[in-house]
Amino acid sequence: MFSNQYIQQRIHKANSLREEGKNPYKNGLKRSLTNAAFLEKYAYVKDLEEPKDKEKCESIVGRVKLLRLMGKACFIKIEDESAILQAYVSQNELNDEFKSLKKHLEVGDIVLVKGFPFATKTGELSVHALEFHILSKTIVPLPEKFHGLSDIELRYRQRYLDLIVNPGVKDVFKKRSLIVSSVRKFFEMEGFLEVETPMMHPIPGGANARPFITYHNALEVERYLRIAPELYLKRLIVGGFEAVFEINRNFRNEGMDHSHNPEFTMIEFYWAYHTYEDLIELSKRLFDYLLKTLNLDSKIIYNDMEVDFNQTSVISYLDALETIGGISRGILEKEDRLLAYLLEQGVKVEPNLTYGKLLAEAFDHFVEHKLINPTFVTQYPIEISPLARRNDSNPNIADRFELFIAGKEIANGFSELNDPLDQLERFKNQVAEKEKGDEEAQYMDEDYVWALAHGMPPTAGQGIGIDRLVMLLTGAKSIKDVILFPAMRPVKNDFNVESGE
């Protein structure tokens, strides 16, 4: 694993430190300031002639990003999470330590420098070292600065290296953290209670998706990694909670692309005595809050598309197919005509699709990618909405919406189905679809129906994909860019890469 000649040279240097009685992985030394705090505290030191006060001693730590040896002195660029700070080490102050430094120190090593602030001839605020310690000897060379780490596969597989070499990557994940905490704060301010529900389910439910299957040794039963928390959250509404939310992982054993990862983060929230129209207004408030928190304008650019949050619209499913998709009502309202139209347009249609699923195929192909500004699409076909409430005026549609931004689904919400008999029938229909070969159809969940039979108040519920939300608000083009360790196809590891030195 460590046979590479450059790695062997570094291992030799680590062993050489040990021979000098120095631990190359020293512990217990503390910094007094972050690099950013040092730069702020001593910003007034701007001139080489500034009096040097050795009493103002600080300890800073970080990774060596640049090393310039110049005879009896050296300059070292040291990076911690907050900033890059320059250290100056001279043989005059550190005779033996300086000789050891010249012999052993390399780019990538993690160090501690204790010293006082001073400015170089060029006016750069730096640390004049009085003590120097290697805290962690790096035995694998980092990619050279000029070429960086551009191999996209390697960036995802070795995210730690990506974070070291590409500073902008840290910024994305700091923004992700801010987005998640802001979403949580928003719902707490709106009076919602954060809860946690099981990650392993006896019956997969809450979404149409293939589950991952595992085995519980103690119970001697199969369990499914959850595809959605919906049915458990609605059980809590039955139990008397009126506004709950959960931010956590879902797992779907399906394909991967730039906007899908089998393990992903969602927020789902349920609101008793409210309707899907209330959720639309709540969603608008959420985005207003996020844009303000992130200091973003109401117009953002994503994938070369201008998204204007001041141009939010609401449109029904059939109206969207007609006015945006360009399909006439005469075709949309007749199942045989719609099927013929899809085939004429070259859409690959699975055999025996229901009318509702044909409409969904048409929507996916002719509408979704055109929805750039925030668009709430309402009145979905009941056949593709097995958990949503049936509309009072038209039993063929559901009181449901999906929110699309920049051509992608961001949220799905509806007035919840709380009629246990209707829910039982719909589960039976889903089971029939599964028996016909639809692997994504939902399972029968009698326990959930039994819970509904105890009475669930009128409720609205919604899910928002956190990863896609982060993509939108950071401009990331791939979901892998906003997940620290995304799912990757297995490869044979070859760690003996050539050094960039």
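Heads up, the Cβ atoms here are built off N, Cα and C, so glycines get one too.
Taken from Swiss-Prot, the feature Mg(2+) 1 binding site applies to GLU402, GLU409. Long-range neighbours of GLU409 (Mg(2+) 1 binding site) (same chain, six or more residues apart, CB within less than 8 Å of its CB): GLU368, GLU402, LEU403, GLY465, ARG468.
According to Swiss-Prot, the feature Mg(2+) 2 binding site maps to GLU409, an assignment based on sequence analysis. Under the three-state DSSP scheme, GLU409 (Mg(2+) 1 binding site) falls in the strand class.
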Three-class DSSP secondary structure - GLU402 (Mg(2+) 1 binding site): strand
